[in-house]
Amino acid sequence: MKTVKILDSHTGGEPTRLVLEGFPDLGTGDMESRRKILSEQYDHFRRATMLEPRGNDVLVGALLCKPVNPKASAGVIFFNNTGYLGMCGHGTIGLVASLAHLGKIQVGTHLIETPVGDVEATLHEDHSVSVRNVPAYRYKKAVEVDVEKYGKVTGDIAWGGNWFFLINDHGQRVASDNLDQLTEYAWTVRQALTAQGITGKDGQEIDHIELFASDTEADSKNFVLCPGKAYDRSPCGTGTSAKIACLAADGKLEPGKLWKQASIIGSQFIASYEQAGEYVIPTIRGEAYMSAEATLFMDENDPFAWGIQL
């Protein structure tokens, strides 16, 4: 019988499952090398914690790791039901809030190691968390893709810790009672990008689609389709970072100015950035709340101990 101890939280409605104990030893390398070991040798642990019957397609997993740098508070590897994420904004907020809940960190700024670089996260007195993300940038502006049923769709390609295709002019109603249509549209766009060889830098896959609309309570509202075809309940930290990079590139948002990004369910992140040459360094602030603490059991007699794979 294998066991995995977890602590679940949600950030703006989007869940994070922090893995505390039970995964194999991944060595002492950096987070990217440990992610590679996990992916190539022990991926069944990811599947067990993310896939049904113990997980679902909305969950983002965060494996808590001992950091390489002794000054860092934690290392983390992010994953979901389809594979691995370079960075996760809402997940980092969830991680920091969870560490505070466990009494492992106090109010202040903490260094967090991720597979795509180190980030700074600040736990505030009001228990909100600010994440100073990895450098973000717009890779290409106004890229056209031919999408079945919808014709030409134009969007920007940007990096915010993951690769995004950001669409402002889409003709879709961005509302919580239109989720099926938004999902179908965004998924069709993603398939078209793949089919037409439209990628991020160095051929990296664009696995997030982000649609924007106006909002009465924020500067913008978004719908973000994640790699596993689930929509992000939060405003998406890496997606908001990609948005900030595009706004900065267009001269529509000055360094230090606040941008309020709402999600499809109305939760909000507050974002700003610093200019760093051709890149921007986004800071995303949000709140996370604990939702469950549990031990997962993987019984050797259970045919679905390592997840249901369809």
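Using the three backbone atoms N, Cα and C, a Cβ is placed for every residue, glycine included.
Swiss-Prot lists Gly89, His90, Asp232, Gly237, Thr238 as substrate-binding residues, and of the candidates His101, His110, His208 the one it assigns to that same site is His208. According to its DSSP assignment, Cys236 (active site, proton donor) is coil. Long-range Cβ contacts of His208 (substrate binding site) within its own chain (separation 6+, distance under 8 Å): Asn162, Trp163, Phe164, Phe165, Val224, Leu225, Cys226, Pro227, Cys236, Thr238, Gly239. DSSP assigns Gly89 (substrate binding site) to a helix in the three-state reduction. Long-range Cβ proximity for Gly237 (substrate binding site), meaning a same-chain Cβ under 8 A and a gap of 6 or more residues, is found for Cys88, Gly89, His90, Gly91, Thr92, Ile93, Val131, Asn133, Gly160, Gly161, Phe269, Ile284, Gly286.
Neighbour density for Asp232 (substrate binding site): within 10 A of its CB lie 27 other CB atoms from the protein chains shown.
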